[in-house]
Amino acid sequence: MHLFIPDVYTYAILIDSFCKSGLTQQARNWLNEMIQNGCSPNVGTYTAIIHAYLKQRKISDANDLFESMLTQGCIPNVVTFTALTDGYCKAGHIERACHIYARMKGSSDTSEVDLHFKVDLDGNKEPNVVTFGAMVDDLCKAHKVGKLDDAQEIFAKMSERGYSPSIYTYSSLIDRLFKDKRLDLAVKVLSKMLESFCPPNVVIYTEMVDGLCKVGKIDEASKLMLMMEEKGCHPKVVTYTAMIDGFGKAGKVKSCLELIEKMGNKGCAPNCITYSAAIKHCCAAGLLDEALQLLEEMKQTSWPKHMAGHLKVIEGFRREYLISLGILEDMSNNNFLPIIPVYRLLIDSYQKAGRLE
């Protein structure tokens, strides 16, 4: 009679099943038996149990198993490190999370330890500003449920420890907060920046203006632009374009035109994206003369190599066919060949007017 001896894959399947069922102790018992039978667990098996422990907030057990894993010569992979970092963050053990993060980045080397940790007078190591900032950035970029909360917790712990976040760390957090539509928190982070010795730069202000516009908070975005200038930070063309598009979507087309004039006076020339946005909103509001004027300005300052500006104007002038034909002629004079979408728009315009001849 032949006895069935489980191999590494059989054990792995059993252990994974117990872990997914929340039966962590049974999974650990199978792991112990596996080792006693001379079958070496792989990184996936260790990670499955570590992850199960962390889900149950059994931090000590997870840490012990991680150390045992290292003792057995099993090298953790990025999944193991990520599970530990995430679990420690959720349990409020930020220092442990930072230590694991530093290990993941290769901190076994002395120079790497110095990079990620500071050493106090007693020789104890704790995460430094580089580690905290890097973790906030990585968690903000993770795009997974709960990661942003972890990033905020680490950001708060960073401040508690007396570290000043870099402008890059602030930017990562603000950008992610806006993408998750946590506007109030994003504004609080900006307020913290203004109170600190790390004033926002044009990139952060632009992220804020664009984010506020995208959720329809036009007045707040406009006030932020004014404050930005008061603080001596000059808006770039991207900032103006975001605000112009925001005004247009809110039906404040006159404000679009005023802002285009203002940016010109400030020495910031609109680009073809700025003009295209303004032209689109003018046409939608029936301000066809203004749309044509913007097209004329665009020809003088930022004549595009594509047809977007022309298409927007022609679409807006569907009841002004002679002007549309004038634009088409102008395109030809400037060495632009009419393309199919332009003809389609013109034919559609004539068709709606009953002018099929």
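The backbone N, Cα and C atoms fix where each Cβ goes, glycine too.
On a predicted model such as this, the values are computed, not experimentally measured, just so you know.
Straight from TrEMBL, the features:
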type	residues	note
REPEAT	7-41	repeat 'PPR'
REPEAT	42-76	repeat 'PPR'
REPEAT	77-111	repeat 'PPR'
REPEAT	128-165	repeat 'PPR'
REPEAT	166-200	repeat 'PPR'
REPEAT	201-235	repeat 'PPR'
REPEAT	236-270	repeat 'PPR'
REPEAT	271-305	repeat 'PPR'
*With DSSP helix as H/G/I and strand as E/B, how many residues of the repeat 'PPR' (128-165) fall in helix, strand and coil?*
26 helix, 0 strand, 12 coil
*What is the number of residues in the repeat 'PPR' (7-41) that are helix, strand and coil, as DSSP sees it?*
26 helix, 0 strand, 9 coil
_Checking distant contacts: for the repeat 'PPR' (7-41), what same-chain residues at least six beyond its ends satisfy Cβ-Cβ under 8 A?_
48-49, 51-53, 55-56, 58, 61, 65, 72, 74
_For the repeat 'PPR' (77-111), the mean pLDDT of the predicted model_ = 70
*Going along the chain, which residues at least six beyond the ends of the repeat 'PPR' (166-200) come within the CB cut-off of under 8 Å?*
129, 132-133, 136-137, 140-141, 148, 151-152, 155, 158-159, 207-208, 210-212, 214-215, 217, 228, 231, 233
